[in-house]
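Undergrad: Got these off Swiss-Prot a minute ago, pasting:
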TOPO_DOM  1-6  topological domain 'Cytoplasmic'
TRANSMEM  7-27  transmembrane segment
TRANSMEM  31-51  transmembrane segment
TOPO_DOM  52-65  topological domain 'Cytoplasmic'
TRANSMEM  66-86  transmembrane segment
TOPO_DOM  87-98  topological domain 'Extracellular'
TRANSMEM  99-119  transmembrane segment
TOPO_DOM  120-124  topological domain 'Cytoplasmic'
TRANSMEM  125-145  transmembrane segment
TOPO_DOM  146-167  topological domain 'Extracellular'
TRANSMEM  168-188  transmembrane segment
TOPO_DOM  189-195  topological domain 'Cytoplasmic'
TRANSMEM  196-216  transmembrane segment
TRANSMEM  219-239  transmembrane segment
TRANSMEM  242-262  transmembrane segment
TOPO_DOM  263-281  topological domain 'Extracellular'
TRANSMEM  282-302  transmembrane segment
TOPO_DOM  303-310  topological domain 'Cytoplasmic'
TRANSMEM  311-331  transmembrane segment
TOPO_DOM  332-372  topological domain 'Extracellular'
TRANSMEM  373-393  transmembrane segment
TOPO_DOM  394-403  topological domain 'Cytoplasmic'
């Protein structure tokens, strides 16, 4: 108990550091996620006895890393669905659907195939890594867009793509990390089984989210009590996730669909303006803490990454992911006439990898063959994405004249 108390105090200290970094980043009008990663890198590279146990607990504890998925994902995804008005999403449906569905599959196939042949990774490892790299994280991008006054269209596209491709990427991640080798041995029958499993995950998760989203939308019609309605939203997010996972479908897709129903239909029939404001404020605060811990953890993980002798494969992985993203964007949106070449370029470079990729990588079982390789490449690409792409995004937007 005494040891847990010490670790808790140290994690609290890390949270205090995180919140302080966020406050300073906001004063400087810089993306707080990038600032957190940079501070995490500094903390990870220096040995400070006062937070050493907390660093070890965050980066090596199986319990903590399992908690990341079951606790943080419903929070991050649920909050995002509440923030994106459905009519905004519908107005950009062609671009969002092209990126989220065509783009995610193309990205996964390109990255997985290249990683297998060029990086000489085992098949399951290559496509597990590819699934992780197919999920985008718009947090840093949206904060930059907001600070510069980039048109709402681009924010809607980036956030809409992320919400849908996160669900697809998680399903692909599960198939690649658990079932891929078995299906490969089955030949064409395995391909059919893989497609069936994907549809089961996706459709089953969507149905769970639809039912629970509708149910809680009806429930909040009865009450005009925002603390209670906040509690109902939490029950929806976590309930959707765990019920879907219990029935071996996609918890991520369940949260996204349930959140959209609740945030759009539920808000129209059962939320006062005050309630909607307070629900958004509550989840803003919770999401800030969750993201702070995840992005700080990305930086802290540097002490567990063996860079020596791996620079070649790391650079190769970064290039493969960048090329895979480019192919995915142009194939996924090539038929969308409303999208300009400048907008495609911004979408391409703004497809950062972040918290979901990290959370999924850490959730891999310790006995997964190639876990260390996946962690090495995932954290390396995420660091490059957040720091290099993130810090060059603002100059790119100005260069393209999109403000």
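The count begins at 1 with the first shown residue.
Even glycines carry a Cβ here, placed using N, Cα and C.
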Undergrad: Quick one: find which recorded stretch in 31-51, 125-145, 242-262 has the most Cβ pairs under 8 Å with the transmembrane segment (311-331).
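TA: So the stretch in question is 125-145.
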Undergrad: Checking distant contacts: for the topological domain 'Extracellular' (146-167), what same-chain residues at least six beyond its ends satisfy Cβ-Cβ under 8 A?
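TA: Residues 29, 77, 80-81, 83-84, 88-89, 91-92, 95-97, 99-101, 103-104, 134-138, 202, 205, 250, 252-253, 256, 343, 346-347, 350-351, 356, 394, 397-398, 402-403.
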Undergrad: Could you give the residue numbers and ranges of same-chain residues that sit at least 6 residues beyond the transmembrane segment (99-119) on either side and whose C-beta is under 8 angstroms from one of its C-beta atoms?
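TA: Same-chain residues near the transmembrane segment (99-119) but 6 or more away: 125-127, 129-131, 133-134, 157, 160-161, 163-165, 168-169, 172, 176, 313, 316-317, 320-321, 323-325, 327-329, 331-333, 347.
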Undergrad: Go through 66-86, 125-145, 196-216, 219-239 and flag the stretch with the largest number of C-beta pairs under 8 Å relative to the transmembrane segment (31-51).
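TA: Against the transmembrane segment (31-51), the leading stretch is 125-145.
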Undergrad: Mean pLDDT, the topological domain 'Cytoplasmic' (189-195)?
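TA: Mean pLDDT across the topological domain 'Cytoplasmic' (189-195) comes out at 68.
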Undergrad: Are there residues at least six beyond either end of the topological domain 'Extracellular' (332-372) with Cβ under 8 Å to its Cβ atoms? List them, or say none.
TA: 33, 62, 65-66, 68-69, 72-73, 76, 94-95, 98-99, 101-103, 106, 121-122, 124-125, 128, 131-133, 135-141, 153-154, 157-158, 161, 166, 169-170, 173, 177, 291, 294-295, 297-298, 301, 321, 325-326, 378-379, 381-382, 385-386, 389-390, 392-393, 396-397, 400-402
Undergrad: Of the residues in the topological domain 'Cytoplasmic' (303-310), how many are helix, strand and coil by DSSP?
TA: 2 helix, 0 strand, 6 coil
Undergrad: Looking only at residues six or more beyond either end of the topological domain 'Extracellular' (263-281), which have a C-beta under 8 A from one in the stretch?
TA: 81-86, 213-214, 216-224, 226-227, 229-230, 233
